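Here the structure comes first, spelled out in structure tokens, and everything after it is commentary.
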Amino acid sequence: MASLGEEEAVANPVRIDGRTMIILYGSETGNGEEIAGELGKMAQRLHFQATVDEMDNFKLSDLLRASLVIFVTSTTGQGDMPKNTRKFWRNLRREKLNNTNCLAALQFSIFGLGDSSYPKFNWAARKLRVRLLQLGASEFHPPGEADERHDNGIDSVYLSWFGEIRTAILTSHPLPESIMPIPDDVQLPPKYGFTLHPTSSSSSATNDSQEQEQRFLATRTESAVLTHIDHPRSKLEQAIEDHARLKGNFPAVSARSGEQWERQSRVQVDGFDKDNIIKDHPQKYLLLQDDHVPGPIPSDRLPIPNTFVARVASNERVTPEGHWQDVRHIVLGVSLGDKTPFTAAAGATVVIYPKNYPEDVQSLIDLMGWGPIADTPINFKLQETNDGLVHCPNTRPSKLFVPDGATLRFLLTHNLDITSVPKRSFIRELMNFTTEEMEKERLKELVNVGNEQEFYDYTSRPRRTILELLRDFPGVKIPYHWVIDLFPLIRGREFSVCNGGESLTSEPGYDLTLEILVALVEYKTIIRKPRQGLCSRYLKHLPVGTEIRVRINGASSPALHPDNSDDRPVIAIATGTGIAPIRALIEDRKIIHRPNRFLLFFGCRNKDADFYFRDEWETSPEIQVIPAFSRDPLSQEQALGLLDWRNNNTQGTTTTTTDSSAAAQITPPPQPSFETTGLLVHDYDAGKNYVQNQIRKHAALVGELMREYPLICVCGNSGRMPLSVRAALRDVLVMTGIVKTSEEGDAWLADGYNCTYWQETW
């Protein structure tokens with residue numbers, strides 16, 4: 001463990017000619033990047049010159065220069081490649097490469113990350129593998145396919161695959177007898193890093209010897225007992241504090257600036273009477289405090305490319321105060337500049353970049369002892385110094401956006417995610433930053449192979465955060481220049497646009513108006529403090545009028561554009577906030593003014609709590625809405641979950657059906673009996689009122705639209721819902737005589753000629 005400015009022992013891989021490895025990743029949420037980073041460290045420990053990067057940053061010709069290449073990719077959308085792989089994928093698919101055997105020298109392996117609730121599970125990894133083999137490349141190790149739906153998540157496949165590929169690499173590329181792999185408990189050098197930018201206020205303090213500084217810090221507590229000063233400062237700390245005081249950034253200064261007595265006072269305060277000026281916020285000294293509300297987040301906007309400035313025009317809760325979930329309808333006014341405005345929004349997303357709260361940042365700074373340097377400007381242009389910093393070939397990650405003059409506090413507030421659930425690689429690295437043997441042993445136990453359940457019970461199950469973990473291990477002291485390597489970057493959160501058509505220009509003074517429907521992540525676990533998602537906490541307290549940076553992504557499927565589907569009927573199935581892209585699709589199609597049928601199955605808990613946009617459905621006769629309220633009381637007939645046509649023998653068409661027991665008024669064709677076909681036998685559906693139950697109950701209506709080449713949209717929570725909906729649609733195909741068997745039903749839904757099946761779940 002290294003303290004501030006102290007050189008830590010690291011092991012550099014031995015440079016062996018011709019021993020190179022490239023690990024390329026495609027990732028939307030960061031899981032693929034995390035795994036690629038672990039594989040890169042494994043390669044370094046085996047003394048490979050390893051490069052880890054996004055696929056889009058590499059040319060095909062560069063791949064041939066490496067001994068081995070490992071691809072890691074997730075699958076997004078409808079079996080699509082992640083955004084940071086699409087340029088690479090287009091180059092790989094060029095027709096002129098066919099039959100050229102241009103990648104014959106490439107030895108590769110692939111690890112895919114997928115979600116089995118999607119029809120095209122791990123499609124991106126499979127497509128990439130097939131294309132590489134077509135171009136002559138050869139596999140040095142079989143591919144791995146992880147499933148987010150597994151009880152242990154991606155670890156259920158990844159951990160064993162990791163061990164197997166390591167063995168395969170050592171077998172095909174053995175090390176010389178005189179060189180051994182770097183052990184896992186020996187630290188590798190950091191990939192990134194930075195130095196502190198010298199300032200006039202701190203230059204005199206840096207002349208103190210390291211020995212004097214450490215002696216003072218070691219006796220700080222004893223000094224405090226003999227004085228009236230709570231927290232005596234070293235010369236370096238005092239110099240930095242003087243610099244901060246000159247800038248006037250103490251909380252107490254801003255807190256008192258608006259007080260009448262302060263403005264009228266003639267008392268002269270010596271700003272350099274260091275120990276007799278209150279620098280804490282006055283709120284600290286109140287005997288009674290209101291319910292805690294986090295202080296304001298800094299208004300700084302990161303210099304993120306391809307983003308726009310958006311103003312929060314509205315931030316309203318749409319669920320009752322007593323409801324278990326806080327759902328927000330947020331309206332953003334966006335200035336596009338010279339960019340082309342949107343004409344259709346269905347399937348588009350808005351990316352919002354959250355920030356950490358200052359109180360959490362200060363807590364981490366205090367835990368790590370970074371106070372003396374937290375507000376000193378940092379320099380990413382590394383130079384040779386004598387401060388013990390390990391100098392790195394790369395200055396910063398490609399997705400780390402910081403302005404000139406940024407400080408460590410700025411990084412922790414705007415760029416680094418200190419409240420996410422810690423990954424296994426993060427915990428493993430912490431063992432290098434504590435001298436407490438008991439802490440080292442406990443950290444090692446958490447990440448050891450075979451202790452997956454213990455790791456899950458400590459991290460993911462209670463949703464313990466990185467900050468909370470560091471509080472559990474007070475002996476861990478991370479050197480400041482390691483933060484970029486250790487802490488994950490804050491990633492933008494995507495939210496589906498929930499408006500379209502004419503409403504896209506409804507906010508005066510702005511080029512574009514975008515609305516989102518956000519279910520805030522707030523819940524309790526075995527940890528006493530309630531859990532809150534980083535972005536949820538940020539949005540919950542985001543005041544109207546705040547300007548933020550957003551990125552706008554177009555629809556994931558061209559089929560959602562009204563010009564491509566205006567004459568086709570739509571069968572939409574949405575649960576919860578999954579209604580957002582469906583509402584945008586409805587509003588987009590309104591501007592076409594062409595007759596078409598739109599059938600919406602909407603699932604929520606309660607009619608009076610989370611039936612989002614209910615008033616709009618009741619005034620939209622062109623939309624037929626069949627809701628399923630899963631927590632409202634059911635009638636006896638509904639509880640049976642049986643298909644009953646006795647009350648559905650009247651010709652006609654219903655519009656909005658707010659009674660979940662009502663069925664479409666249409667005479668059905670003869671139906672096979674579910675008792676003899678085995679259809680509808682789903683234990684988890686029995687006695688429930690879910691969207692899949694309503695689909696089967698209205699089989700005749702759904703079947704009629706199925707014969708008209710519909711656009712089928714499934715939106716909402718991933719997991720069981722999309723699988724159950726697909727099974728219900730397959731059952732409808734059998735019931736209405738479109739196909740004969742369930743197997744034929746699956747094939748029918750997968751055939752793009754029969755229907756367009758678009759799924760957006762999360």
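Using the three backbone atoms N, Cα and C, a Cβ is placed for every residue, glycine included.
Keep in mind that TrEMBL annotations are predicted by a computer and have not been checked by a curator.
Annotated FAD binding in TrEMBL involves ARG463, ARG493, GLU494, PHE495, SER496, GLY533, LEU534, CYS535, SER536 plus, out of the candidates TRP89, TRP123, TRP161, TRP762, the residue TRP762.
For TYR690 (NADP(+) binding site), the nearest neighbour among the binding-site residues THR76, GLU148, LEU534, SER536, judged by Cα separation, is GLU148.
Cβ crowding, taken as the number of other Cβ atoms within 10 Å, peaks at TYR690 among the binding-site residues PHE121, TYR690. The binding-site residues listed here are ARG631, LYS688; among them, LYS688 has the most other Cβ atoms within 10 Å of its own Cβ. Following the DSSP three-state reduction, the secondary structure of SER74 (FMN binding site) is strand. The Cβ of ASN689 (NADP(+) binding site) has 23 other Cβ atoms within 10 Å, all protein chains considered.
Just so you know, of the binding-site residues SER117, SER496, SER630, GLN692, the Cβ with the fewest other Cβ atoms around it within 10 Å is the one at SER630. Per Cα geometry, SER117 is the residue among the binding-site residues SER117, PRO119, GLU148, ARG463 nearest to ARG631 (NADP(+) binding site). Summarising model confidence by region, the domain 'Flavodoxin-like' (21-166) averages a pLDDT of 92. Considering only the binding-site residues SER74, ASP115, SER117, PRO119, PHE121, VAL691 (NADP(+) binding site) has SER117 as its nearest partner by CA-CA distance.
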